[in-house]
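Okay, so here's the structure we're looking at.
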Amino acid sequence: MESKTTQNGSEVVELTEFEKTQKKYQDFIATLPKSKGWRPDEILTQYGGHWWQECLLEGLFHAKDHFEARPTDFLVCSYPKTGTTWLKALTYAIVNRSRYDDAANPLLKRNPHEFVPYVEIDFAFYPTVDVLQDRKNPLFSTHIPNGLLPDSIVNSGCKMVYIWRDPKDTFISMWTFLHKEKSQEGQLASLEDSFDMFCKGLSVYGPYLDHVLGYWKAYQENPDRILFLRYETMRANPLPFVKRLAEFMGYGFTDEEEENGVAEKVVKLCSFETLKNLEANKGDKEREDRPAVYANSAYFRKGKVGDWANYLTPEMAARIDGLVEEKFKDTGLLQHDN
């Protein structure tokens, strides 16, 4: 923010171009529907059929106006807490496997989120981070619903992968994750109240099921451009999916790499167990390239399938399962297990 002095000695504050743009977004956001979020002072804003924190909505508008996707870019798409960190690690390891010796891979020293920037967060608010200064980097990520993606992404023809997860585990992973957030908006709502809001679609980037369905429909319309994956299936047997992901990205493993077990090495490097136990992802360590509201360790809780059973009652589970059946009925999604 700049200031100048007028002839009568008064000071006039002039906004930077970025601040002017942000104010334009904020003025528009102020006109949109609002609802209380999962914390006493958290306000969510409805836009495009989904709920947003104001800063994320500003980031969306900034990305829509300024992000320039290239045909060679690759986008990791997901709803929060559905396997994003794992998928970021895998895509980074696949793309960069010939650049580093096994022992020198940057994933061993830094959190995966530092290498695959969010278009609505990193690009919008932290444009000077290293990865965004590297024009050779083809990897980006987003939680933006498919129908709201920036035009440059839609029109560029760049490929993307989407991962989804059982809503019961997604909710539990999100609720426990939010407990680790450095928030000024008050204590997180109870499990029961948060669950009720999640089921009603009231969550950041929610409704979750609509988020999944949007990418599923896009995948059905253009399967050559979107790879649609299920977390549970990948966790059960990651190797064939890592090979499929690499091939889809245009970085397929060669016969020599197959013989040398390179795909297996990628799976091991990016495994939950490996990443969780790295010094970079332990304790209170945070990413070093920009401010963060979560310690790196927050992204590695259990990584297990079915942990919801330790939290949800049978009635709560049945409620979500019923919503899933209703939302995905006749879409073919529940029969798509890869």
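Every residue number used here counts from 1 along the chain in the order it is shown.
Even glycines carry a Cβ here, placed using N, Cα and C.
What Swiss-Prot lists as active site, proton acceptor is His143. When secondary structure is read from DSSP and collapsed to three states, His143 (active site, proton acceptor) falls in the coil class. Cβ-based neighbour count (10 Å, all protein chains) for His143 (active site, proton acceptor) stands at 23.
Per Swiss-Prot, the feature 3'-phosphoadenylyl sulfate binding site maps to Lys81, Thr82, Gly83, Thr84, Thr85, Trp86, Arg165, Ser173, Tyr231, Arg301, Lys302, Gly303. The Cβ of Arg165 (3'-phosphoadenylyl sulfate binding site) has 24 neighbouring Cβ atoms from other residues within 10 Å, across all protein chains displayed.
Between the two most distant C-alpha atoms of the annotated 3'-phosphoadenylyl sulfate binders (Lys81, Thr82, Gly83, Thr84, Thr85, Trp86, Arg165, Ser173, Tyr231, Arg301, Lys302, Gly303) there are 16 Å. For Tyr231 (3'-phosphoadenylyl sulfate binding site), other Cβ atoms within 10 Å of its Cβ number 22. Listed in chain order, the extra residues whose Cβ falls within 8 Å of the Cβ center of the 3'-phosphoadenylyl sulfate site residues Lys81, Thr82, Gly83, Thr84, Thr85, Trp86, Arg165, Ser173, Tyr231, Arg301, Lys302, Gly303 are Asp169, Thr170. Arg165 (3'-phosphoadenylyl sulfate binding site) sits 14 Å from His143 (active site, proton acceptor), taking the Cα positions as reference. Scoring each of the binding-site residues (Lys81, Lys302) by how many neighbouring Cβ atoms lie within 10 Å, the top position goes to Lys81. Cα to Cα, Thr85 (3'-phosphoadenylyl sulfate binding site) and His143 (active site, proton acceptor) are separated by 12 Å. According to its DSSP assignment, Arg165 (3'-phosphoadenylyl sulfate binding site) is coil.
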